[in-house]
Amino acid sequence: MDLSELERDNTGRCRLNSPVPAVCRKEPCVLGVDEAGRGPVLGPMVYAICYCPKSRLADLEALKVADSKTLSESERDRLFAKMEEDGDFVGWALDVLSPNLISTSMLGRVKYNLNSLSHDTAAGLVQYALDQGVNVAQVFVDTVGMPETYQERLQKRFPGIEVTVKAKADALYPVVSAASICAKVARDQAVKNWQFVEKLQDLDTDYGSGYPNDPKTKAWLRKNVEPVFGFPQFVRFSWRTAQSILEKEAEGVLWEDLPTEDQEGQGRITSYFNEKPGDRPHLPHRYFQERGLESATSL
């Protein structure tokens, strides 16, 4: 899977897709939707669709696709390669959402929560398949939130398509299992080959599972928090785990318009520039490096 576009710029989102099989433009198709990486505090979330003609669904089932969470990494890679080999009747597309995009969406002035972002991404991929000429007749979706509400929303957007939204759809419908495998293979590769734009000292890429309750992930977060600028863009800073570490490990901000009694115990952000004996050494943040800025020792 070629994720070079994401590796060049992992601050937003990128879409990847296979060629559309000619048969999928002619015959009615089933399409599955699933995601990987919704819960972790590290790395992107990947949404995927997979589709094939209804007449070839048995051939897709014969590949022994299954919920990606029940498969090893090597099994997922093997099955994805097999789907690529069967590109004459199987197609797929991905939308890779960076941690930066997820967090800025959730913490923006106008809040855009993870459920809404997930629903819109899934609907966008279905629309993308239609725009590419895929003859979509049925859509199966692994639910996010209440399946009834989600299904009603998708059915209104795509009135000419039969939509089914179920919990654990990746274990119920082979076409959703196939989408699950596509999403997981893409996320695993994205995390493994993540390009850090920050110049981190002694970078340790053993982050654990990336889930908020993993002690190894928490230790990595504590080690790589920058006192003023926070976390690398690999981190979803909107997650409560990340916010808690920021509150403990990073510098507090002293707002000039706060009442005096609210400022007690808070340090000034300018203390970041004043190294004291015993402080751990650190490289200047990339904000300063890119602009050629250095701390002034005298005026």
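Glycine residues also receive a Cβ, built from the backbone N, Cα and C atoms like all the rest.
Which of 216-243, 272-299 counts as region 'Disordered' depends on TrEMBL, and there it is 272-299. Each of the binding-site residues D34, E35, D142 was scored by the number of other CB atoms within 10 A of its CB, and the lowest score belongs to E35.
Apart from D34, E35, D142, the residues listed for divalent metal cation, the same chain places the Cβ atoms of V33, A36, Y47, A48, A122, V141, V144, A169, D170, V176, A179, S180, A183 within 8 Å of the centroid of those Cβ atoms.
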